[in-house]
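A short write-up of the structure that comes next.
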């Protein structure tokens, strides 16, 4: 294992050493929204260091895997893909493979034991080291493994190459102070570290200046925001997240604000008040339930109970009547009885979720739940999972049918859901987050534009709007998407940058 070299600097590194050809890269992302945004940062780092994104369908000189360790098949997926690259690596020793993210943080040296052709292994706390590690591996002709145990300061200085011209992730924190027994994330991403509000708002402003219309505030537990920079001598200000939402409401040109994910135990009334009072905060809430059984919630070490969860939903709907509420659910947690599972079905029925991400419990080594007795047979978990899916699909369809006849404002998107090509429908997201497939008619509509149309049909996972367009608005985001331009950010906290300086956020041609 190669230890971290504190004196190594990526500044000025160029990947085409000894060659006039610019080397290309590809980032493959597995897992949650955190990983998606981390991959944008990895792309920004590589581009700042002189690499170029590989064209679609071409072989990249550098392949970076940004991994997930939450699901049971994460290992198989990674090592299967690494095996597919082994012949390419053998044929072209100058090709490089890097593995980062949660699985790399967890497995460390095991990655090289199982796939010795990998060049770089890096963790969740040092993604900024990637250009340096790649160059060092090439120069030394030796694999580099660098894992940092803890994040001391939020890495706001890292540039990001965004995937969308119209919508963007903005991290407000990393890590988590909760200790859910099924979750390995806190041990891999560490304790919560929050960004200062000024740095968050500066990044949001930079994105809006480039034409971005929608931002999603991102954290493992967004409504615990502020805990890491609170004065330990003073009572904790639990209103920091609500204040942040209201501050986003004051940014001209920012049309939509979303956030994910809150924790029910930390959810306070001031957040609901801020959601209702801030016009650009979208009428939607994604809040993980995980189980409707109080006994299982206790075993999961989730510090709330079903009654509190349902109480929060009631308050949200009282303040924001048309809010779309979604959740996460786990089926088959160790020791879950039929009675426990029925409690989950009962809460789902009462909550009337617009949608739910449902998971079969996945045993993860290193978590307390993995060592619990009464692990359920796969057949039982699968049968319960199917019953839960059937219930939620029915509720989702009923909820979506209530939207038929309503006018909806859509932010036109690309790559959203499956559409029948023969209908020539486009897709967009309503303000409440629902996916809508709509007919553009004779209008020239681009991803990033805003349209208003009428819902004419419903399915469990989407709405149909085949009515004529009521209104359309061309946007700078639409202009940028059409021109192939995407925003870049690199808002700093005084930390040294990696690689060449990122372009100015207001540089001509960014128009997105």
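Each Cβ is built from the backbone N, Cα and C atoms, and glycine gets one as well.
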For Swiss-Prot, the entry region 'Disordered' belongs, out of 441-476, 477-512, to 477-512
Residues in the domain 'TRAM' (401-469) per DSSP class, helix first, strand next, coil last, are 4 helix, 26 strand, 39 coil
For residue 183 ([4Fe-4S] cluster 2 binding site) and residue 102 ([4Fe-4S] cluster 1 binding site), the CA-to-CA distance in whole Å is 12
Comparing local Cβ density (other Cβ atoms within 10 Å) for the binding-site residues 32, 68 points to 68
Within 8 Å of the Cβ centroid of 176, 180, 183, the other same-chain residues by Cβ around the recorded [4Fe-4S] cluster 2 site are 178, 179, 182, 184, 185, 186, 220
Near residue 180 ([4Fe-4S] cluster 2 binding site) (Cα-Cα within 10 Å), the binding-site residues in question, chosen from 32, 68, 102, are none
